[in-house]
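K.L.:
Sharing a structure with you now.
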Amino acid sequence: MDRLPLLLLLTLGSIINQNDGYKAGAPTFACKTMTPGHGVPTQTGDSPYSVEIGSEETSEEGRVRVTLSSPPLQFFTGFLVQARPPDSDEAIGSFTQIPNRNAQMLNCGSQPNSSVTQSSNSRKTNVEVEWESPPDYEGPVTFVATMVKDYKTFWVAQESPQVQVFRRSAGVEAGSPGQSGGELSQAAQAQRNLEVNTYKGCGKTKKCLGSPEGCIAGKTCSALVTIAPSGREFQVEMFAKKSKYIALGFSDDTKMGGDHVVECVNEDLSRGSMVKVYRSFNIPNAKQNRRFDDQEGVELLESSVYDEDLYCRVSHVSKISVQDKEFDLNNNEYHLLLAAGSALKPFTVGFHDVAYTSTKDRSRVSELKAARTNDPFYAECNQLKSCFGSPEGCVDSQSCTAVASARVEGNRHTFELKAENAAYVAVGLSQDNKMGGDSVMECVRDESGGGSIKAFNSWNIPNNKANKRIGVDGINLLNSSSVDGSIYCKFTRDPVHRIEGSLFDMAKDEYYLLLAAGSSLKENSVGYHDQVFTVTAQKRLLADIGAFSTATKLYIRLHGAFMIAAWIGAASIGIVMARYYKQTWIGSSLCAKDVWFAWHRTLMFLTWVLTIAGAVLIFYDVGGWVSGPSQTHALVGVVTTVLCFIQPIAAALRPHPGSSKRPLFNWLHWLVGNVAHICAIVTIFLAVQLSKAELPEFVDWILVAFVAFYVAIHLILSCSGCMSDSKAEKRINTFPMKEMSPGRGSMHIERKRDAPYAGLRKTTLCLHSLVILGITVALILIVVLAPIEKQWGDMKDKIMP
C-alpha cells in the first residue's frame, strides 16, 4: 500500500512529460534528423502548415524572410527551421531576426544561430524570421522545417520553395591597402546587381543563352549572354564566373567555323587589368580564331570585374561585314554560340573550360522564346493529378495564366490553384458547364492581412450570376504563397459536402470544372473574372486522372466573326454605296434595280442576317444577361441589334418618292443606319477588353486604323461629290434655252449619263472594298484563332522545332 502513491506520482509525471515534449525548444541532436524525440512516428500525409519565403532570391544583404504559418482555426506548438543546400543535411547561414516571444536561436554544428526553434509550447499561428546567407556561398538553398501540433502529431522536414543565394562580400583583411571592407562590399554588391539584372527579360524582351543547360530558369548560370534590340542597334550583355573572357558568336550552324564573334576580355596589363571588347572571326575548318585590329561595329558600354567574375555590356550594329561575309541580325537567322574560359592566349581567347554551348535552332535575334521554367506545379500533371488551365494547351507548355489541379488519394481530395497577376483564383464543381448552383473553392489574397493567402468555400447562386461566400468549413489550407503578383494555394476539401442545401459527392459524382481568376475583389466575395473564366469540356470523376480539355468557345468565336463580317465588312461598304454612288452606273441595272441599290440592299440584308444570328448565338451561350465589364459591351450591342432589326422593316414601309413624308423617311433611315454602325464599332472596341474574347491589345490599333481609313474614304468621296455637282451645274448652264424642255431635252440626256468624276468614284470604291475586305478577314482570323499569339507560337514551333 505504501508504494501506491509513488506509482501514481511516477505515472502522472510520465503523462505530463509526454504532453509537454521539448517545450523549451528542439535539442541539438535533432539538427540533422529534424525529428523530435517523442518516441512516436511522424505523420506521413501532407502537412497542413506552410513554409513560405519572401523572395525567390536573397536581398542585396544576402537575406530572406521565412514565414511558418498554420491554416485558419489551427495552430502549432513547436517548430525547428534551418536552411540547407541541395542534397545536404548541414545547416548553413544564420538567422538574424526572430520574434521576441515564442522563438529562440539554436546552434547546429559549428555555425552559430543556424536554426530557430520554439521557446515555449504555447499555441502559435504564425512565426516570421529572417535568415542571412554565408558570405562565400552561392547557389540554391531550401528552408526545412519540422512542425509540431502536439506530442504525437508532427510533420518532419517540410520544405519551402527554393531560394537562389548570391555570393556576398566576406570583407578584406585588416590593413589591405586602398580598400576598406565597406568599399569591397559595395563592389561585390554592384557585381551581383549586374548579374541579377542580366537575367531579367530573358525570353520576353531579349534572347538569352546560358550554360549549363537549364540554368536560366534557376538563375544559376556559369556563363550567360543576352542580346536585345536597342533602337537601330543591338545591346549585348555577357556574364561569366571565374573567367578571363566570355564570347558570343553568330553562326550558320552549331559548330565553330565561319562565325562572327564578339569577345569581352579581362586583360592583364602592367598597371593592372582592363576589360576590352574585340570582334573576331572563327576560321572555317581550322578551329582557330582571328582577332581584328579595328573594332568597328562594336562598342564597350559598361564592364565590371569582381572576384574573377566578368561582366560587360556592348553595343552592336545590326549589320556588319566580316571576311567578305555580311551578318544581318535583323533579317537573317543564326545560331548563337557561347564560350567562356579562365585563361587567355596571346592575341586570342583560350580554351573554353568554363562554358561552351549553342542554341539548338536558328532564328532571328529579335525572335524571342521564353525559357522553360520547369514549374513544380506541373511536374505530376495528368500522371498523378488532373490539371486544367487557361489558355488551352498551357499545361504542356507550363505557361498558364490560371491553372487548377485535382488529386485523389483514397478519400483525400487535394486541390492546387495558381494564377498570374491575380487577386484570386477559384475552381468550381458544376453539374453543367455554366455558372449557377456550383460549389466553389477560392484562394484569395488578403490585402488587409499583409497579402497572405486564404481559402474559402462559396456558392454560385443559380440564375443570378452572383457568388456568395460560405466560410471555411470542410476546406483545409495546406500551403500558399504570393510572389510577384502570382498566387498559389494547396488545400484539401471534404469529398462529401453540402452547400445551400445541395449535396456534392466528389467520390461518386461527375462534375465539370469551372476555373476563374481576377485582378480585384469585392467585399466578402471574389471580383469580376477579368483574367480567366473557362470550363472543362468533359464531365467526369475527379479520381479519373487525365488532361481536361477546355469547353468549346465555338459560339463566342462565331458571334465575334459574324459581327465583324456584318459591321466592319458588309455595312461599311453598303453605307458608302448608298451615300455616294446613286449617280454612278446610270443606265445599268442589276436584278432590275439600279446597281447601287442592288448592292446596298444585298450588303445590308447580309448585315441584318449576321447581326441577328450573332445575337442569338451569344445569348444562347451565355444563358442570360451578363455582369461586370461585359455589361457595357452587351448593352451597346443590344442597342445595335435593335436598330439593325427595325431598319429593313422601316425601309419596306417607306413612302412613295413623291410623298411629302419621303424626305423625313430619308433622314430617319440615314440616322438610324449610321447610329447603328457607330454603336457596332464601339461594341467591337469594347469586346477587345473582355477576357472571354482572348484578343491581343493590338486589335485596338487595327480598329483605329479601320476608323481612320473609313473617315478618309468619306472625306474623299464627299470632296468628289462637291466637285461633281459643280461640274454638272456648269455643263447644264451651257445648253441653249430651247433644249431645256421636258422629255427629250438635255436634262433627259444628262440623267442617262454618270455624274462627273465617275472614274474617281469607281477607283475609290475598289480601293475601299479591298482594304475593308483585308481588315475584315484579318480580324475574323484573330477572333476565330484566339488566342492568336499562342497559335502563332505553336505554329512556329512546329515549323522550326
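Quick reminder: no glycine exception, Cβ is built from N, Cα and C everywhere.
TrEMBL annotations: computationally assigned, not manually curated.
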K.L.:
What range among 35-59, 110-134 does TrEMBL record as region 'Disordered'?
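P.N.:
Result: 110-134 is the stretch TrEMBL calls region 'Disordered'.
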K.L.:
Under 8 Å between C-beta atoms and at least six residues away from its ends: which parts of the chain pack against the region 'Disordered' (110-134)?
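P.N.:
Contacts of the region 'Disordered' (110-134) (Cβ under 8 Å, skipping residues fewer than 6 from its ends): 20-21, 23-26, 31, 58, 61-70, 74-83, 91-99, 101-104, 141, 143, 148, 165-166, 168.
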K.L.:
In the same chain, which residue numbers or ranges, 6 or more beyond the ends of the transmembrane segment (665-689), come under 8 angstroms Cβ to Cβ?
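P.N.:
Residues 560, 563-564, 566-568, 571-572, 575, 604, 611, 629, 632-633, 636-637, 639-640, 643-644, 646-647, 650-651, 654-655, 695, 697, 699-700, 703, 706-707 contact the transmembrane segment (665-689) from elsewhere in the chain.
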K.L.:
Tell me the residue counts in helix, strand and coil for the domain 'DOMON' (217-341), as DSSP assigns them.
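P.N.:
Split into helix, strand and coil, the domain 'DOMON' (217-341) gives 2 helix, 83 strand, 40 coil.
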K.L.:
With the transmembrane segment (632-653) as the reference, which stretch in 558-581, 602-620, 701-723, 765-788 has the largest tally of C-beta pairs below 8 Å?
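P.N.:
Stretch with the highest Cβ contact count: 602-620.
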